[in-house]
C-alpha cells in the first residue's frame, strides 16, 4: 500500500463500539482492551491464508501455540487483529491511526461464508491461547497479556450493513505485496512493542492497570498519542467555562472558543472527546516572562504537591496531557488540579525541580503565546507578567496576612552582644572620657593624667595590653588609652553641652508657660542652634602620643623618624577633623583633597605652637606628651633651624594671648589659606565658606575684648600672624622635601605622608600655588 497515504474513515461513519458490515464480521475489542481503537475488519480465507504464510515468523514470535491445538493449515493472522485493536500500525511510520475507527483496504470481494469460516478458526485459536497463556501483567508485557482476555463467540454478533461507500473509498489502495495488509516490518516482528519504553514515574504506565493504553486518549481524526506519533501531531483538550487551565497548543493548531467557553476543535469530524482524567501527581509549568530575566534554555518544570489533588468529580477539572518523546522513547505526564488550589489557598505547595523535557517535546514548550488572545482565560499556567501564583495563592511576601516562619538556622539571642573595652578588650562599662572602656582603664587613665606620672616601658613600647596583662606595663597601657582617644577634656565638653541644653530647655519652658508671651513675639529669641565655634570645639582632635623612648640616647635620625611617624597619624586626624568642619564637605571632592594637601603642614605647625604656648609658655616644643624638644635636643645637628621657626609661632601666640575660640577660627582659616592658581572647581562656595569663618574670628575677638576700640587692631594682629605662617611653612616644607628626597639620611616616612609629599612636590616646583593673604607686603 502507499506509505504516504493515511487510512482515514469517512465522516459519516459512526464511531460506536460495535460496527456492522454487509458481507463481513464485526470484532469488538474495546470491552477488553481499554484505550485501543474499535476495529472494523473484513476477512477472507484467501487473504488470511496468504497473510499467515507470509507472516509465519511473526506468529512464532508473537505467541507459543501448543502442539496439536491448531493445525498448520491456513490460519488467520492473530497479530494483525490484536495489534489493530490496540490502535497501533507499525508498518509505516507516517500512517496515522484515527479516533475509535480503523479502516484498511482489502483486495477483491469479501464473502460472508468465508468470513464466518475464518472467524471460527480465530475463535478456536483464541480459546487455545486462554488455556495455555498465564503470564502476569507487568509494565513491559501489558499488551501481550491483553490477548488472553479475548472475547467469546457470543461477544461477536453477526449483523449486516451496506459498506459500499467504504469500498469506494478503499478501492485501489492495495500495495505491492499482493493485496495483503502487512502490519509489521521485518525488524518490528514482535508483539510486545512496549519493552523498550521506559516510563517515568508520572507516566500512565505506572498506574495500577500496568498498561499505558488503558487511559482515555485525547484524539481526533488527524492525531493519535502513540509512540509512533510524530512531532507534528496535535494535542487538543476539552475545555469549558469552569476550567482554570490553559492547554498546551502547538503552532499548527489554534483552537477557538465559543461564547459558552467551549473549545471549537480544528478537526474535520465531530467526535465527542472523553472526560479528562485526573492523575496522581501534579505538575505546574512556571513561566514568568517580564518578571525574571529570560534565558534561552530548556524549560524546567516544577512538581507541586497539593492536598486533595486527586479528587475526581469536582467541577474544576484537571489537566492531564500524555505524550511520548520521539527521540528518547520516554513517556511524560503533566497534569494540574486547580480545584485544590482554589479550595485551600493557604496551603503552600512544595516545589521540586524536574529535569527538562527531551528534545522531542520541544513543541510543547512553544505553547506560550501561540494561541489566540482569548485563550488566556482558560488557564493560569502561562500568564506573562504575573508575580503571584494563580487561583488566589500568592507568595508570602505579597500577602500581608501571612507571615513567613522564622528560619530554623537562626539562633535565639537573649540580648545584644557585650561591648568590649577599646584598651584591654575587657567588658566595657560605658563611655568614659570619650571612649568605650571598662572601669579599670577609666580609673587608670584619670590617675595617670592627674598624677602626671612619667611612665617608662621596660620593653620596646609594644607590650600586649589585655585583661590579664594590662597591669604589667603602665606606659604601654597609657599609650593605648591615648591612641584610643581618651581625653579628660571630653568629659568637660560633654558636661558643657549638657548644661547648655538644660539652660535652653529651661528658657523655652519659661517662655511657653508665660501667658503674656503667647501673643507677643519677644524682641530677641534665645540661641537654640549651636554656634560654629562651639562645633569647632567638639570636633577638635585629641592629643596623640609619639611613643618615643626617652631612656635611649637621643639622635637626629631617631627624633626625625619619630616625628614623621607622629606626623602621619596627625595627618589622618586632620583629615577627619576637616571632614567634620561645617561646610567643608559641601565642596567638590577634588577641592577637599587639594586643600588638605596644601595645608597639612600649616595645621601641624599651628597646633604645635598652640600646645607649646599652653603647656610650656613657648619655651619648649611639645610635639606630644611623651616627646618634648627642649634646648638640649635643639642643639642636635639639623634641628635648631627648624625648631626656631616653630618656636616663632608659639611665641606669637603667647605674645598676643590668643584665646581658644580665636585659635579654632584661625586654624580653620589656615585650612583655607592656599589654593591652586587655576582656582577650585567649587570656587564660589569656597569663598563663601572662608568669609563665614573670617566673620567667626571677628565674633571671637568681640567676645574676648568686648565692644572696645581695639577690636580692629586685634583683628589686624591675628590676620598678620596668619600671613606669617606662609613663610614658616615654606621653610619647614623645604626641609621636609629635602629629607624625603635624600635617601642617604635614611629617615622613614609613613605611607600616607609619603603619598602627600609625592603629590605636593611637583606643584611647589612649578609654582602652582596661590597664597590667600590678608595684607599686602
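From the backbone N, Cα and C atoms, a Cβ is placed for every residue, glycine too.
Given the ranges 332-356, 357-381, 457-481, the record in Swiss-Prot names 457-481 as zinc finger. Residue 419 (ubiquitin cross-link) counts 14 other C-beta atoms within 10 Å of its own C-beta, drawing on all protein chains shown.
Same-chain residues lying 6+ beyond the ends of the zinc finger (421-441) with a Cβ under 8 Å from its Cβ atoms: 465-467, 470, 477, 480-481, 484-488, 490-491, 494, 542. In this structure, residue 703 (SUMO cross-link) is part of a helix by DSSP. Here the C-alpha separation of residue 703 (SUMO cross-link) and residue 419 (ubiquitin cross-link) works out to 43 Å.
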